[in-house]
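Noted in Swiss-Prot for the protein shown:
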- 88, 89, 90, 91, 92, 93, 94, 95: ATP binding site (BINDING)
- 30-40: compositional bias 'Gly residues' (COMPBIAS)
- 75-243: domain 'Helicase ATP-binding' (DOMAIN)
- 271-441: domain 'Helicase C-terminal' (DOMAIN)
- 1-71: region 'Required for nucleolar location' (REGION)
- 1-20: region 'Disordered' (REGION)
- 29-50: region 'Disordered' (REGION)
- 462-553: region 'HA2' (REGION)
- 185-188: motif 'DEAH box' (MOTIF)
- 536-550: motif 'Critical for rDNA-binding' (MOTIF)
């Protein structure tokens, strides 16, 4: 087990309070300011609880949130500011309450209040919660818009949406005219969409002011962030600190570096489990679904053989692609005599609040994207968290009472962590970003006002990729979109998948390609519990295609549709029914976009070669060939890669494949593979492969 930190941790860490050495612009405490908050206007009255016990409970919960007593102060300040940065820890109530306070204060009279979220699940669940609190049907006063789903109406005044969806709206209206206020929530996550949105919203606010239009209020919210950077970027915006209910947290570090963080986490969990009262729950941070499912199984197996007197253990995994009904279990109390052990990805860092957590076990690892513009490879890699992420994880232990965090790394190791997480825009493929900016008619993408500028190499690599996909042309020393590029931008997809759909009519397989792209656009439709691996493999045999994962997924979807989306069938075949229904919705919307473009929609009628040819013509930059020693290397850069164990091709050795993504753990794995002929690739991009071949020879 880790040893205790040398300094009293409670003194070192109080999320929500002002970090040492930083200038405080304003301090809003949850212990005061319940009246008018010093503002000249009267604070608008809150709705009174209704007779319904559920409504009454909601209203009581709302009034008990840390933010409630600062309501008057907050509203008085926000009314008079064009820009504000608000810091308040997870669970303070800022995300659900600030939009309501602004609405109750009349901010929405001249336009909608938008609240952006990095995650689809958060946008939907928050909109549902706020509509309940406002006693209105979801989609009326309060609604949400996420990719492929719009639950709003003409009456909507508070709108939760993913940052990517607000970006898509900016393509058709760069001034965001329908909004009076944009709240950029979870800003610290710095996703690729969030960073682009910062620049788009800032530009819209400036242009509206220059044109004498309705002012746009911008509020940036987070549990933690580099406030100086955000304040400077948004025109020296005042920073409002909102204190919450954080309790003291003891922090323990390991004495020695851990070679196997998974084993260290397992040992820590069972040591806590055998010593702590059953009512105190444990939250463990791991990096991804496979690790989480494997550890969940191991914990359950070990828990069955513990001595008498030990509490029972309820092990609950938590990750984005887990079926929604199973995600909800982490918020429910454990049965009497049971301890909840939640094993989660970084989704539990800030996006959600889980009650009952006394102990946090932090492995200090996370799975994040990395991009190499020279090789053109974008991989998911397991790496160290930043100090900011480590503090966020620690803070999960102090929500309701004092807590304990076990950091499975030494204090010296922690001191070497990066202070902040590198923004995604500086470590990702930027092809989607450049396509969107050009669709918004940004005059020069190289000089766009990014908060953290990507390297010129990354931008140039993205431009080169879009060029290869036929999306760009150079006119009067300016980059513009070709007709194909404009069509690609109309799809809410990565450029390569948009191009796949556009090419499908040439290969007479649009129906099949629409299904495959839709399947790749949602979280995994397959559920693979490690404890039932043999059973999973047995029932899936009937769907497997030797032509690859894409065709296998296509077979599963077709059967799902043929049996009418039967839930029992989904359960028997380990298919996530909710995600499969979402695939059907996504497909319908993509098909509608095709029809608007007057694209002929044809089926290959069982001819899978035409489907694979189409994939080869759009994914030619993601190809690998079998080497003489039986290994694989990417066709263009000769990077060694391997077929992922989850692929239906894992035990096969096709000569040439295209893949959808790369995952780096102990080696670089290809995921979602399709068998292709090398000839098709040279047919798709002869100049590209000639150039690569010449470089390789030199």
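Glycine too: its Cβ is placed from the backbone N, Cα and C atoms.
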Collapsed DSSP category at residue 93 (ATP binding site): coil
Sequence-remote partners of the motif 'DEAH box' (185-188) [C-beta within less than 8 Å, at least six residues beyond its ends]: 94-95, 115-119, 122, 194, 198, 220-225, 230, 350-351, 388
Number of other Cβ atoms within 10 Å of the Cβ of residue 89 (ATP binding site) across all protein chains: 25
Stretch-averaged pLDDT - the region 'Required for nucleolar location' (1-71): 53
Three-state composition of the motif 'Critical for rDNA-binding' (536-550), taking helix and strand from DSSP: 10 helix, 1 strand, 4 coil
Listed binding-site residues (88, 91, 93), ranked by Cβ neighbours within 10 Å, top entry: 88
Residues that sit under 8 angstroms from residue 95 (ATP binding site) by C-beta distance, when 6+ apart in the chain: 115, 126, 185, 221
Number of Cβ atoms other than its own within 10 Å, given for residue 90 (ATP binding site): 26
